[in-house]
Amino acid sequence: MFLKQITLQNYRNYERIELNTDSQVNLFVGENAQGKTNLLEAVFVLALTKSHRTNKDKELIGWEGAHAHIHGEVEKKYGTVKLDLSFSSQGKKAKVNGLEQRKLSAFIGSLNVVMFAPEDLEIVKGAPGIRRRFLDMEIGQVQPGYLHTLQQYGKVLAQRNNYLKSSGPGSAQQPLLDVWNMQLAEFGVKIIKKRQSFIHKLLRWAKSIHSGITAGKEELDIKYRPSLDIDLEQDQSVLFEQFMIKLTQVKDQELRRGVTLIGPHRDDLTFYINGKEAQVYGSQGQQRTTALSLKLAEIELIHEEIGEYPLLLLDDVLSELDQNRQTQLIETFQTKVQTFITTTGLESVNLSKLKDARVYQVSKGQVASAGRPSMTE
Ligand SMILES: Nc1ncnc2c1ncn2[C@@H]1O[C@H](COP(=O)(O)OP(=O)(O)OP(=O)(O)O)[C@@H](O)[C@H]1O
């Protein structure tokens, strides 16, 4: 797929810009704090209705106004799709081809993106919540129904936690817990199964990409780590039973602590390089390569799942990759994946490898096309 055009109104530091992004590679160059990341973020938000940097939608609205609006035109295999997303204090509204979508899950998936930003190193070395967010956002892109299950699980979890807090040990209300347990296990098992199958598919690509980047020196492995000790290979009904048994076992502890101790909200992932945990033993370079392999694998996985390549958004990461990795990244994708790159200076980009590329200058919330790289070198 191809993003032909994007318009931003009162989005972060953009009052109004209308951009034709009709090149395969779009390079946004500018000094710090000019709006480069904001622009890539807007493309990401148009795909997932959420930012990769914040959970608070109101931060996306420009300080001078009450609404933010993103409009984009996406060329897909079967025609052009027009997307509109608006944010206000009342919430967000999403339209596909002018028709308002009551459910955001009907909007998500119209545009697919893979973002690679410096903070993605945290997927490997950061807190478990970052890895869960990575999994959930990526699965949600290709299977929007997953986000609905996640939402239902979140609601049950919040209600169950309130109940645990208010009951306390020995409370007469405890039989009610069975109702929450059934729902928690039902949605929880669906989430665990989907995550596990996603990792399985992602790993097939990530293994070979990682081996390619490291010239066969490193073997990557990824394992899903459930917070409850269950056999992930079993089918959903068996997992449901196991989940219910575990909930009975931790019941007293949960009532004492007033919080749900097991379930996908506490699960994690472990990355291994040549059999050793990358979080613990990996060098900064190995962790970075792992994050890159994951992102490149996602591109292939999205293509496998939906039959089209997503957009690749590279936020200030090219300068962090050595020439080899940069070349590999650009060569692999520039013919099939539309790419948006931000950088503070063109000297960090291997321009000789770019074919259909356009450079844009970003300054104080304004974007000006500076033409093809050969004209600007
Ligand atoms: N809601 C908002 N309304 C107006 N301006 C905002 C809003 N949110 C952020 N900004 C401004 O956007 C600018 C940051 O833009 P951005 O993060 O895109 O920078 P950048 O060009 O990517 O810089 P760097 O190279 O440092 O990452 C800051 O000046 C910040 O004050």
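Every residue, even glycine, has its Cβ placed from backbone N, Cα and C.
The feature ATP binding site is assigned by TrEMBL to Gly30, Glu31, Asn32, Ala33, Gln34, Gly35, Lys36, Thr37. Per TrEMBL, domain 'RecF/RecN/SMC N-terminal' is recorded for 2-352.
Using a 10 Å Cβ-Cβ cutoff, Asn32 (ATP binding site) registers 8 neighbours. Packing around Thr37 (ATP binding site) is summarised by its Cβ count: 21 other Cβ atoms lie within 10 angstroms of its Cβ, all protein chains included.
Annotated ATP site Gly30, Glu31, Asn32, Ala33, Gln34, Gly35, Lys36, Thr37; additional same-chain residues within 8 Å of its Cβ mean position, judged by their own Cβ, are Thr342, Thr344, Val362, Ser363. Taking the binding-site residues Gly30, Gly35 in turn and counting surrounding C-beta atoms within 10 angstroms, the largest count is reached at Gly35. Fewest Cβ neighbours within 10 Å among the binding-site residues Gln34, Lys36: that distinction goes to Gln34.
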